[in-house]
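Novice: Found this in TrEMBL, in case it helps:
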ACT_SITE  GLU94  active site, proton acceptor
ACT_SITE  CYS369  active site, S-methylcysteine intermediate
BINDING   CYS145, CYS149, CYS152  [4Fe-4S] cluster binding site
BINDING   GLY194, GLU195, SER226, SER250, LEU251, HIS252, ASN326  S-adenosyl-L-methionine binding site
DOMAIN    131-364  domain 'Radical SAM core'
REGION    100-128  region 'Disordered'
Amino acid sequence: MRSTPLHPVARLPEEWSTSLAARGERSFTAKQVFHWIHRRGILDPAAMTNLPARLREHLAAEGLGEVLTPERVHRSEDGTRKLLLRLRDGATIETVLLPSVSGPGSQAQLDADAAAADDDEDDDAEAGAAPRVRVTQCISTQVGCAMGCGFCASGVAGLKRHLGAEEIAGQVLLGRAMLEEGEDLRNVVYMGMGEPLHNYENTARSLRLLTHPEGINLSTRRVTVSTSGLVPEIARLGADFGGQIALAISLHAADDETRSALMPINRKYPLDELLAALRAYPLPRRRRITIEYTLVAGQNDDPAEARRLAKLLRGLPVKINLIPMNPIEASSLGPPAQERVAAFQEVLTQAGYSCFVRRRRGDDVSAACGQLVLLGAKPKVRRALG
Ligand code: SAH
Ligand code: SF4
């Protein structure tokens with residue numbers, strides 16, 4: 001049972017139907033309210049002009065209004081935009097808009113960036129149509145994170161609180177409103193601050209909101225949930241959404257000792273349990289699980305570990321994203337030299353895996369993976385060797 005009433009932005013159309021019917025409103029108002037919020041991105045009840053005045057007043061009294069206030073937008077030289085958002089209780093989170101990069105080889109790069117299980121062919125190449133810029137949005141699910149991974153700014157900060165579904169979906173409402181001319185919101189990745197499956201209820205609700213046909217209507221396969229490997233919740237996500245939500249797993253090691261040193265969660269859910277959960281995930285045909293592997297110099301970057309990884313993943317439908325670690329202020333850990341990254345990739349490619357090195361995006365505004373921090377603190381300026 002919920003102790004607090006659902007925020008209006010977190011309600012699904014059927015829940016609006018129930019609450020509005022109880023107030024004696026006509027049945028179609030439920031859809032109208034949901035449309036205003038999720039299809040049109042309007043949160044100010046006064047602007048919902050087709051609703052009766054008494055209903056608009058009621059919605060205002062229920063706290064419908066700004067859920068998140070944009071505080072700052074940092075624009076990177078590469079087009080990445082990082083939004084610092086303030087929550088109602090004063091805490092801050094960040095979300096990142098990543099436009100696709102044009103130029104040779106960019107599609108492979110975009111796929112790696114998006115990490116979405118987007119294996120189908122290009123579907124917006126209509127004859128004569130102007131090319132659209134596809135944007136991937138990376139969103140947060142918690143203020144901080146309880147998982148304690150030593151290479152991640154959110155992990156080092158610890159968990160402050162879970163985000164409500166209205167705050168998770170609200171990031172996308174805001175992100176969509178900030179798209180520029182020619183841009184389309186194409187993918188949403190749950191790869192910002194926090195562990196989505198540790199905040200399962202709100203994450204699941206936000207997935208229903210974002211993929212609802214009456215709202216933003218994102219395709220489930222273009223929404224990727226990334227997890228450090230919470231085994232019971234992986235099963236739950238698979239069951240609740242029939243395997244339709246794209247899954248990314250932060251693996252970062254192929255043996256328990258190395259993984260536990262980097263990711264404390266591995267002591268609770270070791271590799272054999274995690275791999276069993278991946279095998280059991282009800283993945284639709286022709287879709288793949290994304291394996292994220294943050295390469296940390298001297299920790300998990302040995303070619304022997306790449307060979308173990310190749311063996312561990314044998315038989316699973318996966319694609320592998322290698323992410324050279326982005327430096328963070330709180331840690332002396334860093335990325336391997338470029339040749340070592342290339343050697344690691346080569347082992348996996350030779351073993352027959354589709355394996356990309358994720359390019360660093362938004363580095364100059366601290367918007368790269370793992371750099372999203374509580375108060376927008378700057379990372380230590382350090383260059384990768386090589
Ligand atoms: N908690 C979830 C999702 C958020 S983290 C998870 O761990 O999967 C998203 C991705 O960023 C993860 O793969 C994580 O390992 C990676 N990451 C975290 N810190 C990083 C850093 N400093 N450099 C590169 N990748 C990092
Ligand atoms: Fe949390 Fe993911 Fe960072 Fe680990 S990598 S601390 S799970 S946000």
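Cβ coordinates come from backbone N, Cα and C, glycine included.
Note that this is a predicted model, so its numbers are computed, not measured.
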Novice: List the Cα distance (Å, whole number) between SER226 (S-adenosyl-L-methionine binding site) and the residue listed as 'active site, proton acceptor'.
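Specialist: SER226 (S-adenosyl-L-methionine binding site) to the residue listed as 'active site, proton acceptor', Cα-Cα distance: 16 Å.
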Novice: Taking the Cα of ASN326 (S-adenosyl-L-methionine binding site) as the centre, which of the recorded positions listed as GLU94, CYS145, CYS149, CYS152 lie within 10 Å of it?
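Specialist: So the list reads CYS152.
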Novice: Would you mind reading off the Cα separation of LEU251 (S-adenosyl-L-methionine binding site) from CYS145 ([4Fe-4S] cluster binding site), to the nearest angstrom?
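Specialist: Spelling it out, the Cα of LEU251 (S-adenosyl-L-methionine binding site) and the Cα of CYS145 ([4Fe-4S] cluster binding site) are 17 Å apart.
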Novice: Using a 10 Å cut-off on CB atoms, tell me which of the binding-site residues CYS145, CYS149, CYS152 is the least crowded.
Specialist: CYS149
Novice: Using DSSP and three states only, what is the residue listed as 'active site, proton acceptor'?
Specialist: strand
Novice: So of all those recorded positions, GLU94, CYS145, CYS152, which one's Cα sits nearest to GLY194 (S-adenosyl-L-methionine binding site)?
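Specialist: When the Cα distances are compared, CYS145 comes out closest.
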Novice: If you count, for each of the recorded positions GLU94, GLU195, the other Cβ atoms lying within 10 Å of its Cβ, which residue has the minimum?
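Specialist: So among GLU94, GLU195, the recorded positions given, the one with the fewest Cβ atoms within 10 Å is GLU94.
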Novice: For ligand 2, which among the recorded positions GLU94, LEU251, ASN326 have a CB under 6 Å from it?
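Specialist: Not one meets the Cβ criterion.
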Novice: Looking only at Cβ atoms, how many others are within 10 Å of the one on SER226 (S-adenosyl-L-methionine binding site)?
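Specialist: The Cβ of SER226 (S-adenosyl-L-methionine binding site) has 22 Cβ neighbours within 10 Å.
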Novice: Averaged over the domain 'Radical SAM core' (131-364), what pLDDT does the prediction give?
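Specialist: Looking only at the domain 'Radical SAM core' (131-364), pLDDT averages out to 96.
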Novice: Go through the recorded positions GLU94, GLU195, SER250, HIS252 and tell me which ones have a CA within 10 A of the CA of CYS145 ([4Fe-4S] cluster binding site).
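Specialist: Matched recorded positions: GLU195, sequence order.
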Novice: Counting only residues 6+ away in sequence within the same chain, which have a CB under 8 Å from the CB of SER250 (S-adenosyl-L-methionine binding site)?
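Specialist: When sequence neighbours closer than 6 are ignored, SER250 (S-adenosyl-L-methionine binding site) has CYS149, SER226, THR227, SER228, GLY229, MET263, GLU292, THR294 within Cβ distance under 8 Å.
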